[in-house]
Structure formats: C-alpha cells, structure tokens
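Worksheet for the structure shown next.
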Amino acid sequence: MSRVTLSRYLIEQTRSNNTPADLRFLIEVVARACKEISHAVSKGALGGVLGSMGTENVQGEVQKKLDVISNEILLEANEWGGHLAGMASEEMDNAYQIPGKYPKGAYLLVFDPLDGSSNIDINAPVGTIFSVLRCPNEYLSQNEALNEKAFLQPGTEQVAAGYAIYGPQTMLVLTLGDGVKGFTLDREMGSFVLTHEDITIPESTQEFAVNMSNQRHWEAPVQRYVSELLAGEDGPLKKNYNMRWVAAMVADVHRILTRGGLFMYPRDSREPSKPGKLRLMYEANPMSFLVEQAGGASTDGHQRILDIQPEGLHQRVAVYLGSKEEVERATAYHKA
C-alpha cells in the first residue's frame, strides 16, 4: 500500500471536500517551515542556537535564540506566496503586514513559533502551534493596511489549525475541520507521511496535566477539583489518577490526543487582572479546535474557549481541555 504524504492528503481534500487550493498551499508552506525549525532544533549546541537573546517579547518573557529563529523562518516562508493577508505571532508586538511587493491572499496566519522554549536547553520536547483564519473582506484590498482587528475572531472561525512537535520524531498534527490527522516526518523522504488517520480522545481518563507548584494560587473550584483527583479511589471520583507535566503545552496536548487525559492551566491569584497564562489566539484556540475535532472538550472554566470573542492579539485565558468527562466536571465546579 502506498504511503499518503501530506501533499497527497491535501490534494485529496481539495478533490473531495473542496478545500481551497490557497489553503492547501498555505498548509504545505507552514509544514515546510516546521521542517526547517525541526532541523534547527535538532542541531542544538552544534548549531549555536541554545541560550537566550537577552531580549523580551511582548509577554515579558525572555526570548530564546530559537524563539527568534523560528519566528523568522515562519515569516520568511509565508510572506511571499500570495496566500496570506497578514500574520501574527506570540513573539511580535503587532500584526505583520505582508510587504507591498508581494500579492495579498485571503487568509491570516497566527502562530506560536516555538512553544515550550524553556525546554530547549534541556533537550525536552518543544513545538510550533498555528491557526488559520479568513481575512475579513475589508482588509483584502492591496492598499488597505492590516491591523489587529482583522485577527480578533472567535475560535469558531478557524478554517485550519495544527501543531508540529519536535521530539524523538517530528510530527505534524492537523485539522481542517473534519477530524484530526497526524503526519510523521520521514527524514529520508523529506516528507510528512500520514501515520495517525483518525485521532480520537477517549471520553474518560485517569491522567491529568497541571503545574502543581502553582496550587497555592488557585481559586477554590480548582483546589477542590485537583484535591479530588489526588484523593484517588478513596475519594469522591472513585479512581486513581496519574499526573504528567512536560512544561510545553504542545507536548502535553499531544499526549492527550494520543491516549487521553486532561490539561489544565487555571487562572490564579498572583495577577488578578489576567484571566490566565496561555494566549487565546496562539495557543488556546488552535489547540481547542484540534481537541474538539478529536472528540474532546475545551473551556476556560466557564465557557467554551472557541466561543470567546478576542479583545486583543495577546489576550490570555485559563484552559481546561482534553477528555470530555473531566473537562465538564472541572467546568461544573467553577459554576457551582
């Protein structure tokens, strides 16, 4: 049986589901950029890419060298093809306008170029997260300047989302709104090959991921829920749970898509003005789209994440996503 490459899969989607050719091209360009990022990550100290830049991004986070390198790879790969009207990145203060010398396209690309970059120096998994939106008609004119408002669309408006994870293998996990597929990079071929055809999250689980060092800062509903998880079979949930934490959302979510589980990053009391740590546009929305398409659920503790109307490019949210049964339980505790 012949292997199905990402290119073949996307062409077949164009034939069977009328996936637009420009969207197909965009996904292929993002995938090529992810291969380049994977190559840079794999070089590590040999490529002189470890360590920090000595600068901070708009979030106030210290930028690693690979954060900046990955951001530039994605910008340069996508700016010239004529399929995008603009881009936005966790590493940039403002939206990126496609240079005037290139044609503008119908889509917007939003990305976290290197999620989990604190793992780089310890050789643990990192990844790239991306989301594709349609550009509002009023910004499609070649002469119309793009601004932040064009990107402020709820997650339900995403036409595609995915991530690449750079671990023992490099994988690209993708949804076009019709289920979730996983592609593994065959380095000899230089192509992503379909290896996970129908990724589905079990409804129930006995595994959760949360940073327990923040426990003292959590709100009461989170304290209650996590204490019940830790109580195991002697507690109200009547079963034992294992805890996992990789400190990279892309790695924790990949595990959940592979075998089920619950990922939590609750809001806490340290910065009451901020509703969470993770970014809605770059992290929560694309991951929520993937998780829902795989049969899971995703909320901020009160409402479905994909229904949130963004108010800013770098807006933060609390996140509970994964196996539906546990997401619904955690959300119910917030509403009690």
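Yeah, the Cβs are placed from backbone N, Cα and C, and that goes for glycine too.
The secondary structure of L114 (Mg(2+) 1 binding site), as reduced to three states from DSSP, is extended strand. Here Swiss-Prot flags E90, D112, L114 as Mg(2+) 1 binding site.
Sequence annotations record features per position, and here Swiss-Prot assigns Mg(2+) 2 binding site to D112, D115, E283 based on sequence analysis.
Per Swiss-Prot, the feature substrate binding site maps to D115, G116, S117, S118, N211, K277. Within 10 Å of the Cβ of N211 (substrate binding site) there are 13 other Cβ atoms, across all protein chains.
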Residue, out of the binding-site residues E90, D115, whose Cβ gathers the largest set of other Cβ atoms within 10 Å: D115
Residue among the binding-site residues S117, S118 whose Cβ has the most other Cβ atoms within 10 Å: S117
D115 (Mg(2+) 2 binding site) versus binding-site residues E90, N211, K277 - nearest by Cα: E90
Pairwise CA distance, N211 (substrate binding site) versus D112 (Mg(2+) 1 binding site), rounded so that it is a whole Å: 20
Listed in sequence order, residues not in D112, D115, E283 with Cβ within 8 Å of the centre of the Mg(2+) 2 site Cβ atoms: E90, F111, G116, G127, T128, I129, Y163, M249, V250, L278, R279, Y282, M287
